[in-house]
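Trainee: A single structure is presented below for examination.
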Amino acid sequence: MLQIVKMTNRVAVCLFRNDLRYHDNEVLAHAHKNADYILPLYCFDPRHFVGTHHYGFPKTGSFRTRFLLESVEDLRKSLLKHGSNLMIVHEKPEDAISKIVKSLVGFKLTLLLHAEVTKEETDVEKSLQKVCQENKASFANIWGSTLYHKGDLPFQISRVPDAYTGFRKDVEEKLKIRPEISMPEKLKPVPSFPSQMSWGNLPSYEMLNSTEPLLNPSSAFPFNGGETAALQRLKSYLWDTNAVAQYKETRNGLIGSNYSTKFSPWLAHGCLSPRKIHWELEKYEQQRTKNQSTYWVRFELLWRDYFKFVSMKYGDRIFYPNGMKGKRQEWKKDMELFKAWQTGKTGVPFVDANMRELLTTGWMSNRGRQNVASFLVKDLHLDWRLGAEWFESLLLDHDVCSNYGNWNYVAGIGNDPRENRKFNMIKQSMDYDPEGDFIRLWVPELREIPGSKIHSPWMLSSGALSAANIRLGQNYPNPVVVAPEWSRHQRDGKDGGHGGRGHGIPKGGNQRGIDFYFKNPGTKK
């Protein structure tokens, strides 16, 4: 039942965006402390369900749409448990806030939201601030999305180091991670509002220009959206399975749900706070195990922070064809080649397997992301923004800063000091999928090729191809490119040898990858 509110009471409208959680929520905590009534709000912004900027792919694909709907529904249930509710509308936040402030005339109203860093999001914040000013309402955006707080950084944003190692050392040596925000068991009550306003319902897929996706039983991410599922996964990965204790050794895996944390979709939607992960790890390290693997989860969370701060430093340059560095490159726009990459029909099995996994599940492993990005940019020489926008469309865990920062990195126009770094597709395939199990899972037409010969089918004799029921150019494509550096590994594959161990992780285990977003390998300095 809605509360009766006196006209002098303070009302905080809490606009949720990429912060779909109750725990460690700075906006809700601030509202609870400073307002008499709280109105939580989520807007399904139609601008998020149109085409991407350059190439017009669906900005929010069906898998992420499903995850978002689940997350918003779970948030409403969580707020109801804490004595509140969630108003859900299908319109631009500026329009929704304008209606709300005009409907609640006479109240002392404040709009609160978590701050974002990239242009589309900050433009919305500017529009919201203008609406508030025009209607004599207050406005505040609050930082709350990173492991280390922006206000604690030991340098100005304009001086964020251009190499991750320098950033990491400075931050780890000089800063402490803040405690989680303490949340009340019961929030301040919701206000009453006029009869023309309602709590609203979740929009349909059709309203969001989408269709309900089919769930693939082979998906490495068989989880639901929302804070409840996120906290269950955190508990499972740490306490129930102890999988976190082997994370550094398994994080480059390809098959199954426990080779990596799988936290990234919940982090991207704000269903899980990075500080929550840190402090849960602290408990785990005190009670169970503290090792390189538990450290490495934080190491990857810090990459996520880094890309947010780098995106603040360089602004729109992360979206420009020449990237952060402003390094002029000639990019091709061969859409036939791109379509082969996009649909997993390049004729290079490791690339195809990863791209088909993404296309049919919305998920791809860290190792896969590194490789398919390198292949698009360094082997096909295509515009990196094709890849960035395709990832933006399909990935469950799309995060603007991490996605575009990493594509800058791979394209040699970002933060990689080795800008000419290139992955050898055949070596990578043999190192991380030595017997071809991952390829067989996603490229079933190759399943009858035995052992490691699967990595380069174009090298097989006509007799071997016939025995495996493969007709190159008919039921599996000829490769769209064969890089000269693949040759020595192709010979290894033809002989049946491989360079990895049975679980698909090369000896040494010093490759660095970002579990939450793809990152090129390297040793920790």
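Note: Cβ is positioned from N, Cα and C throughout, glycine not excepted.
Feature annotation from TrEMBL assigns domain 'Photolyase/cryptochrome alpha/beta' to 10-147. What TrEMBL records for Tyr247, 260-264, 300-307, 397-399 is FAD binding site. For Trp331, Trp384, Trp407, the entry in TrEMBL reads site 'Electron transfer via tryptophanyl radical'. Feature annotation from TrEMBL assigns region 'Disordered' to 489-525. Annotation comment: TrEMBL describes 489-498 as compositional bias 'Basic and acidic residues'. Look at TrEMBL and you will find 502-511 tagged as compositional bias 'Gly residues'.
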Trainee: Sort the recorded sites Trp331, Trp384, Trp407 by C-alpha distance from Tyr306 (FAD binding site) and give me just the closest.
Mentor: Trp407
Trainee: Fewest other Cβ atoms within 10 Å: which of the recorded positions Tyr306, Trp331 wins that one? Let me know.
Mentor: Trp331
Trainee: Report the nearest neighbour of His398 (FAD binding site) in space among the recorded sites Trp331, Trp384, Trp407, comparing Cα positions.
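Mentor: Answer for the nearest of the recorded sites: Trp407.
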Trainee: Relative to the Cα of Tyr247 (FAD binding site), which of the recorded sites Trp331, Trp384, Trp407 has the closest Cα?
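Mentor: Minimum Cα distance from Tyr247 (FAD binding site) across Trp331, Trp384, Trp407 lands on Trp407.
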Trainee: Using only C-alpha positions, which one of Trp331, Trp384, Trp407 is spatially nearest Glu300 (FAD binding site)? These are the recorded sites in the record.
Mentor: Trp407
Trainee: Three states by DSSP: which one describes Lys262 (FAD binding site)?
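Mentor: Going by the DSSP assignment, Lys262 (FAD binding site) belongs to neither helix nor strand, so it counts as coil.
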Trainee: Filter the recorded positions Lys262, Trp303, Trp331, Trp384 down to the ones within 10 angstroms of Trp407 (site 'Electron transfer via tryptophanyl radical'), Cα to Cα, kept in sequence order.
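Mentor: Within 10 Å Cα-Cα: Trp384.
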Trainee: Reported as an integer number of Å, what is the Cα distance between Lys262 (FAD binding site) and Trp331 (site 'Electron transfer via tryptophanyl radical')?
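Mentor: It is 33 Å, counting Cα to Cα.
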Trainee: Which one of the recorded positions (Tyr247, Trp407) has its C-beta surrounded by the most other C-beta atoms within 10 angstroms?
Mentor: Trp407
Trainee: What is the pLDDT of the domain 'Photolyase/cryptochrome alpha/beta' (10-147) when averaged and given as a whole number?
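Mentor: A mean pLDDT of 97 is what the predicted model shows over the domain 'Photolyase/cryptochrome alpha/beta' (10-147).
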